[in-house]
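J.: Quick one: the structure is below, questions incoming.
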Amino acid sequence: MGESQSKQESNTRVAQHGSQQDVDPTFQTKRALERERSSPQVEQSFLGQLQSLLGWSSTSKDVPLSQLIREMDHESRRHSHQSKKKLDRSEHISEGTIPEIYEKRKETISHTQSMEQKYLFQNFTKLLLLQKCCPGGSEKLVRESWHPCVPEEGGHMIEIQDLFDPNLDTEKKPQLVIIEGAAGIGKSTLARQVKRAWEEGQLYRDRFQHVFFFSCRELAQCKQLSLAELIAQGQEVLTAPTRQILSRPEKLLFILDGIDEPAWVLEDQNPELCVHWSQAQPVHTLLGSLLGKSILPEASLMLTARTTALQKLIPSLGQPHRVEVLGFSEFERKDYFYKYFAKERNTIIDFNLIGSIPVLLTLCEVPWVCWLLCTCLEKQMQQGEVLSLTSQTTTALCLKYLSLTIPGQHLSTQLRTLCSLAAEGICQRRTLFSKSDLCKQGLAEDAIATFLKIGVLQRQPSSLSYSFAHLCLQEFFAAMSYILEDSEEARGDMGNDRTVETLVERYGRQNLFEAPTVRFLLGLLNTREMREMENIFACKFPWKTKLKLLRSIVGEPFCQPCHLGLFHCLYENQEEELLTETMLCFPLTASGPNHMEATVFQTNVKRLVIQTDMELMVVTFCITFSHVRSLRLKGKGQQEYKLTAPAMVLYRWTPISEASWKVLFSNLKCTRNLEELDLSGNPLSYSAVRSLCTALRQPGCRLKTLWLVDCGLTSRCCSFLASMLSAHSRLAELDLRLNDLGDNGVRQLCEGLRNPACNLSILRLDQASLSEQVITELRALETKNPKLFISSTWMSHMTMPTENTDGEESLTSSKQQQQQSGDKHMEPLGTDDDFWGPSGPVSTEVVDRERNLYRVRLPMAGSYHCPSTGLHFVVTRAVTIEIGFCAWSQFLHETPLQHSHMVAGPLFDIKAEHGAVTAVCLPHFVSLQEGKVDSSLFHVAHFQDHGMVLETPARVEPHFAVLENPSFSPMGVLLRMIPAVGHFIPITSITLIYYRLYLEDITFHLYLVPNDCTIRKAIDEEELKFQFVRINKPPPVDALYVGSRYIVSSSKEVEILPKELELCYRSPRESQLFSEIYVGNIGSGINLQLTDKKYMNLIWEALLKPGDLRPALPRMASAPKDAPALLHFVDQHREQLVARVTSVDPLLDKLHGLVLSEEDYETVRAEATNQDKMRKLFRGSRSWSWDCKDHFYQALKETHPHLIMDLLEKSGGVSVRL
């Protein structure tokens, strides 16, 4: 009892510091940090028990737990410091030099005298801080739940000293910093740390002369204040006269903590009507004027608020720095436990709760939950109970806290009254209560004293008011009040409806499931938790009424698809019946334009941005009850696979903790419908792989496909994988590429593959780095098991010297080289597709012909233009750019934009190093020269991971739109249509003519299409399948109109079917319209013409001559599926052949009439040198069939036998069909 009393007094002192109203883990654990450690042997005994509780591996007696924490969680700690910047050494510091102090601080919990110093960085409770990025000029069309700024790259992690650093885009120092985050995540803690750091001379001394901290819940108690009175309240001791303080407003910082808590509307007022700083005015008006910059416009502000409150609270605050608090890293969670319990070193306790720790560690990323858990453990120790931590949810933990702190059931009536007080305060947005408020509610004096003593309530000495220990605790009590209401009077469905209406009125439909009260309410409606409530309140609840209330809350119209808040609520509830019923009815596709704010325009694939371990845990938990068949946790740089629908893709930009991996894989033990899991690009530790393989061995796991590309796996992980393969009968496909498994690891995999229980049919791994012996083993396995296919498409795992940006030689890992060099099967394109830059043409490589994926390496800074595609890049340094040809139908289908916008150019999927490209010119085919199209109607559509964004280009030129400082994703130009104009948009078009010879008969195909390189390429490939060859002729000179029809005619009597062509846009994946023209004898040539059907004016004419045609090509044999990846001999040795063929004319003579037409023959011969002739010859070889290249090879053998023999010996074979 004495210790409890001491702790209550300590809590009171905490409340007095900086007007603290919430439970602050920083202050709760500071005592333990500052206390001298004595008797290391006894301490080690206690800490040994603690590490058992936390699931940490044992260590030798001479190693302190602080060191163990540092060593075992180095990766988590490293990440929490990855964005750390050096402090400005010019800061004025009153007590020593910060950089020296900071650098001396080790990544551990020191047991030395230094812990007694009051330097900030030695007693900070570290929080993960994410600075959000909101790209300017972007109009977000899609958001999941409400992410007011879904960053393209997730923002970046920062430290507390970076809060007021200049914006990366504008280089301007922010005047407004918004600290946002979930309930209990540590926003107020951070705000108080900033104030205390400034007071102690640790932060911002060079920028701010005065820092004022205000608790908005206390300010709301004041009806009117003058600016002078506000400043006086914001300082414990007034350091200067008000007039002097206000003389330099740019040196002032106002911290407004919990600005979303009071029920006020912050209204700005006309600057001309602003009163003098000594005159009083309504508080909400005063604060509104500060925010609106009507008064002290040069001053800086820091606000804290829950993320869900920002949208309606402050709709127009310009461009603030937005920083989201993500809670504790895993290291800091364990660190917190150590600090909290360090004072208990004289207590010997048996901990036996290892099994539930991963879930609890994940819940404890929220500092308030950390405090709650530690308080429960402490109460159990004080009461001599056997420690029991079976709680899987925050709701269960709160009930455990109540059962441990409420002294018997005699307080149940007063506890009900306290719940009513909490609910009334939540509805009225009140968190401070006077003594009379408590008495009016029915709380007795002795009950108030008891609640203060056990820490549920706390007194505010400055205002003589009371509050709950934390706002989350008040919201928990409010949730209990809704349960208790119905137990007193069975109101049935009407009571349920009234409860739901009250919740909607308080939180709004948009944010209903984000509200902690609603989450607690769903958690309390769990069967187990309701029984716990019955024990606490000594009553029985009407179960049927509770079930109806449950369904009315999660039912329509409030339930939003893929809403993170709903996932949280379902996780808190944990009822399998409700989870299955809700998730199986979960809409996975957009049902119309009204869902544009909540869904993504890609059917059957849902995308969610998750920022924390907690969000990952609740989402994966709920997914296992849904129809989702494929789950991807997107990592960086991973290869994309096509997922089986319905699918879900989760995006996260912060590392995943070990505890979270364990929880995620635990959820996979019973997957119901989930069959595919893609973790590629996410680093997996040894213990994470062990947890994954343990889950895969469970009978309830139905995963059939597992992608682990570039997950940092080593040979040490292969024993778990092999054991899983031997035991898991469902896994059919496993991808382990870009992992350093080595010979030993692959041998272990072979053992698993030999097991008769293994049903794996596809295994992908890197074979180039393996020894011949291991490769032989793999081939033997394939031979023995015909169903097993082992594939590899990546380069060798070797470390080779490369040159870094400073000109120094460095070692590049095999994985980096694979990402830089790509696939070993590369084909050089002809010069028609080259990028022309400062140093001349730069060749483009084919990475994957089937996927239309290409790569170009731009060697230096400058401007590069590709005439074939119309793309233009301006780069600041050497950079490799990947370009994929896409189809609009794949992305734009079934979106509202298909009715309001028209496609205006090709769609490209471009990837480049961030910051290397300062401008990109995207081609469009809308004709601006007609003067009928306003350039402001042009937009660039970005199809990003989290949805689609429309961006306004910097300028629009006749043939392209310019984006400056672009971010890349599938992107292309759209034109907003005006109803009055309709389809009468002038466009630039092209004609494509193809022919095929059969004896003397000729068949032509004539196309009229928009000038889109992706359409042209699709037509080229389709015609080549039927041995049609393109003839290049000039396009129409004038702009044409979509929907117009044109008559096809000829100067000779020929067969034309159909005789009309309509100019229309069709996706490259669709069949294009063409006219087929049959000519019996071309003679000296024919004229083809296109005439506008409506106005009968000639719009295009071309003369086709015999010299345009080549003899009939040999028929191509059917190639195997892997033929596109197989290079012909002449393509493999292109560079050698160009350099070493010394006699070209005899070679041309052998190709003349078989491969080369008369015109081609003369064109090649006209080049000046042998090298130029060979380059010209290879340029034309792009359209050759495999058989034509065989003819080329035979001609080379006859004219240059020694050269061919030399190349054959070096290559070990020849890729030809004989």
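Each Cβ is built from the backbone N, Cα and C atoms, and glycine gets one as well.
Swiss-Prot lists these features:
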type: COMPBIAS; residues: 1-29; note: compositional bias 'Polar residues'
type: REGION; residues: 1-44; note: region 'Disordered'
type: REGION; residues: 71-91; note: region 'Disordered'
type: COMPBIAS; residues: 77-87; note: compositional bias 'Basic residues'
type: DOMAIN; residues: 175-484; note: domain 'NACHT'
type: BINDING; residues: Gly181, Ala182, Ala183, Gly184, Ile185, Gly186, Lys187, Ser188; note: ATP binding site
type: REPEAT; residues: 343-364; note: repeat 'LRR 1'
type: REPEAT; residues: 673-693; note: repeat 'LRR 2'
type: REPEAT; residues: 730-750; note: repeat 'LRR 3'
type: COMPBIAS; residues: 799-815; note: compositional bias 'Polar residues'
type: REGION; residues: 799-842; note: region 'Disordered'
type: REGION; residues: 835-968; note: region 'ZU5'
type: REGION; residues: 969-1118; note: region 'UPA'
J.: Among the binding-site residues listed here, Ala182, Ile185, which has the most company in the form of other Cβ atoms within 10 Å of its Cβ?
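T.: Ranked by Cβ atoms within 10 Å, first place goes to Ile185.
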J.: Compile a sequence-ordered list of residues in the same chain as Gly181 (ATP binding site), six or more apart from it, whose Cβ lies below 8 A from its Cβ; state 'none' when nothing qualifies.
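T.: In sequence order, Lys187, Arg306, Thr307, Glu324, Val325, Leu326, Gly327 meet the Cβ cut-off.
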J.: Where DSSP helix means H, G or I and strand means E or B, what are the helix, strand and coil counts for the repeat 'LRR 3' (730-750)?
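T.: Per DSSP, the residues of the repeat 'LRR 3' (730-750) fall into 9 helix, 4 strand, 8 coil.
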J.: Other than Gly181, Ala182, Ala183, Gly184, Ile185, Gly186, Lys187, Ser188, which residues of the chain come within 8 Å of the ATP site, judged by Cβ distance to the Cβ centroid of those residues?
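T.: Apart from the listed residues, the neighbours are Arg306, Val325, Gly327, Val366, Pro367, Trp368.
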J.: Please work out the number of neighbouring Cβ atoms within 10 Å of the Cβ of Ser188 (ATP binding site), leaving out its own Cβ.
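T.: The answer is 25.
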J.: What's the most sparsely packed of the binding-site residues Ala183, Gly184, Gly186, Lys187, counting other C-beta atoms within 10 A?
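T.: Across Ala183, Gly184, Gly186, Lys187, these binding-site residues, the one with fewest Cβ atoms within 10 Å is Ala183.
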J.: Looking only at the region 'UPA' (969-1118), what is the mean pLDDT?
T.: 83
J.: If H, G and I count as helix, E and B as strand, and all else as coil, what does DSSP give for Ser188 (ATP binding site)?
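T.: For Ser188 (ATP binding site) - judged by DSSP and reduced to three states - the answer is helix.
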J.: Would you mind splitting the region 'UPA' (969-1118) into helix, strand and coil residue counts from DSSP?
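T.: Breakdown, helix to coil: 16 helix, 66 strand, 68 coil.
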J.: In the three-state scheme derived from DSSP, which category covers Gly181 (ATP binding site)?
T.: strand
